[in-house]
Amino acid sequence: MVTKMNIALVLMTILAALPGNIVAVDHIVGDTTGWTIPSSGPTTYANWASGRTFRVGDTLVFNFASGAHDVAKVTKSAYDSCSSTNPISLITVGPANITLNSTGSEYFICTFGQHCNAGQKLAINVATSSTTSPTPAPSPVPNPTRAPTPTPSLSPSDGPSGPSPSPSGGAGDSPVSAPPPGPVTPEPTTPSPTSPGDGLVPPPAPSSASRSAFVHALIMFMSIAISIMC
């Protein structure tokens, strides 16, 4: 039982330490619009990103036709000015998959002509893999310790009790049968021998050796019972 409880506590600790979101998500940039010059205005991709949460491990999928567009990862200043000089990375073959490996702001543009100035640009903020703090691990539950059961000790009063007095007559009196009817010749009778005390000889008291063996056996039995219960 103790082993199962320890295993359960370890499993609960591992589960509590796991992040709330451990499944990476693929984000299709622009959804059905794809990565192109947006027909709905320069805020198209900003509006698309505002309704999503981006985490480390997620992937951005840029769907575009090769030779018509590209996707460049740039700094914030290059994003603001739509500068294609010295991009951090550049992918010219579509579709392009970019995995988000770090937290913070990420900026992407298309370097073709005036595409960036027409609104083909994307800025996102990447959060950690889990925004919720891990649940505290449960405190280990101490195993209840059973107090040892006291071993009963034998006192002189626990020894065998003396014989109970005879229910009939006085102590040591033997029952006498009634004389047969009719005259009888008196004969001298020999008094029956009487034993000291009540006339009953008490059984011999148990020897100290047998009582010691009984105590040792009882202690051994109680030790085995306690070990099984714990």
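In case you wondered, yes, glycine gets a Cβ from its N, Cα and C as well.
Given the structure is predicted, the values throughout are model-derived calculations rather than measurements.
Now, the feature entries from TrEMBL:
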COMPBIAS  135-153  compositional bias 'Pro residues'
COMPBIAS  177-194  compositional bias 'Pro residues'
DOMAIN    25-128  domain 'Phytocyanin'
REGION    129-209  region 'Disordered'
SIGNAL    1-24  signal peptide
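The domain 'Phytocyanin' (25-128): residue composition by secondary structure is 16 helix, 35 strand, 53 coil, according to DSSP. Per-residue pLDDT, averaged across the domain 'Phytocyanin' (25-128), gives 96.
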